[in-house]
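Positions annotated as region 'Disordered' by TrEMBL: 1-60. The compositional bias 'Low complexity' annotation in TrEMBL covers 37-47. Annotation source TrEMBL lists compositional bias 'Basic and acidic residues' at 50-59. The domain 'Trafficking protein particle complex subunit 13 N-terminal' annotation in TrEMBL covers 59-229. The domain 'Trafficking protein particle complex subunit 13 middle' annotation in TrEMBL covers 249-349.
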Amino acid sequence: MPSPAASVPIDKQVSHHQASFKLHQLPSPPPRRPKSSQHQSSTMSHQRYPSHDPVKEPHSVSVKVLRLSRPALVPQYPSSPLPATKEAFLPSSLSYKTSSTNPAPFLLSPILNLPVSFGSAYVGETFSCTLCANNDLVTASSSSSPGKRIRDVRIDAEMKTPGPGPAHKLPLASGAPADLAAGETLQRVVSFDLKEEGNHVLAVTVSYYEASETSGRTRTFRKLYQFICKASLIVRTKVGLLGDEGGRKRWVLEAQLENCSQDVMQLDKVGMEAERGLRCEGCNWAEGEKPVLHPGEVEQVCFVVEEEEREEESRADGDADGRVVFGVLGIGWRGEMGNRGFLSTGKLGTRVG
């Protein structure tokens, strides 16, 4: 987990120029008592949740979802001191500024800036957040909740992605239920690798046992949180045919990597995993040189793909559709504060002429 980490409320709307987007909590319909002859679905698409409450009343436990984000370095712009603070006498022959006029010329200050909003979520990054279940009995009067105790508090989370299929169950660091005294909080951290663009829905389910002096009951509620995942890199590819070498076919694969996010990134690794029977050689930057891409900038990479050994039935001759599959391009990068990102393309190739 990155350190230091900033916790930013996820359940509020954000409208902050182009780098931010609206995030809102989906309204939950009123609970319905399940019928004994009917199975109740817990999938997110229905936006319903089962309830064990015979009487509708406010819950004793509330939930808060906070996104974990890394801080940013604060730039400083040094300037000359005010005239009143300057020395009365300066040599007339001095044609340059002294060290006292700019004691700290480095652009970045040692101050860290915490994010003030949810920010943006990008494909290839890891989305992390803290789920907090709070025992709110501390704010209730003793007459309204005499002898109430909250036991077996449990938090479950799942992520619904734009693609087809069911929601992804999110593992928690410690999923064991816990008892909460008045005012205490149960925290769980979840992480999810973002691989698709579009609308994502985080579903958080909280269940607990509310015990009183004479009886007790199990209560459950569910909340949905929605956010948009954007593309971080745009990859454009182009394939050209090279001359044969030793009877082996060769191609050149060019790729343009465009930073379409709002953050600066440093390309950490760009490699190609070639298919069996083919080998790939990169023609890119030297070891230790890693290009930096500002928003909107483009970096071009190149690979030479060739057959390993010429066989009678070679992959270089194409499949039944006359297409040669080279492999998958993997791209890794780091953000300004060292946060990692990675994405891979689909299988790249060309058609045999």
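Each Cβ is built from the backbone N, Cα and C atoms, and glycine gets one as well.
Broken down with DSSP, the domain 'Trafficking protein particle complex subunit 13 middle' (249-349) shows 3 helix, 60 strand, 38 coil.
In this model, the domain 'Trafficking protein particle complex subunit 13 N-terminal' (59-229) carries an average pLDDT of 81.
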